[in-house]
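Working notes for the structure below.
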Amino acid sequence: GYYARVHGVTHLIKAFLEKTECNCQIINLGAGMDTLFWRLKDENLLPRKYFEVDFPMIVARKIHNIKSKPPLSKPIMESHSGDSLLIDSHSLDSSRYSIVGADLRFSSDLEEKLKKHSLDIHLPTLLVAECVLVYMTPQQSANLLQWAASTFPVAMVINYEQVNMRDRFGQIMIENLQRRQCNLAGVELCSSLHSQRERLLASGWDSARAVDMMEVYSSLPQADVRRIEALEFLDEKELFEQLMQHYCICWASKDSSNL
């Protein structure tokens, strides 16, 4: 399941980088400990600027890891040009990579902080949100999506999260999370692939698509699937399929330059 998620999201990211010839910027929303920046650098696919946003507490942990581990800090230094490398406990700003501590529920504060780290609203911009919007209320996530759609003339958003949450399987997932004090504040928007597409279109995006993760898994190269399935024995194939039908990848675009 995780492999399909990474493969699906990465496939869309690389398509965007290819279309823009890397003359773009990526904003990874709620990035946590994600390592996409380093993977793109290894493949010589870095955009003009790569931003990560998360709560200041998470950002502080990540920056501490970067500062204390040369395999993480060295690629940032290698991609940096100029003198102004800024790194403190709650933010990191180099010419190609920035980490910003901010609350995604307040888009005006987010925009101000990104602009301080050289956000260019005229560059084609890709926003990535993996299991992020579902933790915000419908109004808060709508505000964030509307901000992005109205700010960048050429943009794409990728959203990975739950779907089909109104059936019994979905209700059990919600109850299990609630027992762990994990509240999915935006779960009402995850009722179907249609509702996922509609929320993007209603937020000002021109076109939107959504597929469940079983469809993504079925489209993976078969040699990959055989290799993955040989790593760990899976006897509950039906349960796995049900789980994959309750997660999806959605993407939407706004394209004034006809990319």
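Cβ atoms here come from the backbone N, Cα and C positions, even for glycine.
All annotation found in TrEMBL is predicted automatically rather than curated by experts.
Positions annotated as S-adenosyl-L-methionine binding site by TrEMBL: ARG5, GLY30, ASP103, LEU104, GLU130.
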Original post:
For the binding-site residues GLY30, ASP103, LEU104, which one has the sparsest Cβ surroundings, going by other Cβ atoms within 10 Å?
Top reply: ASP103
Original post:
Can you count the other CB atoms that lie within 10 A of the CB of ARG5 (S-adenosyl-L-methionine binding site)?
Top reply: 18
Original post:
Which residues, sitting 6 or more apart from GLU130 (S-adenosyl-L-methionine binding site) on the same chain, put a CB under 8 Å from its CB?
Top reply: ARG5, VAL9, GLY30, ASP34, ASN159, TYR160, GLU161
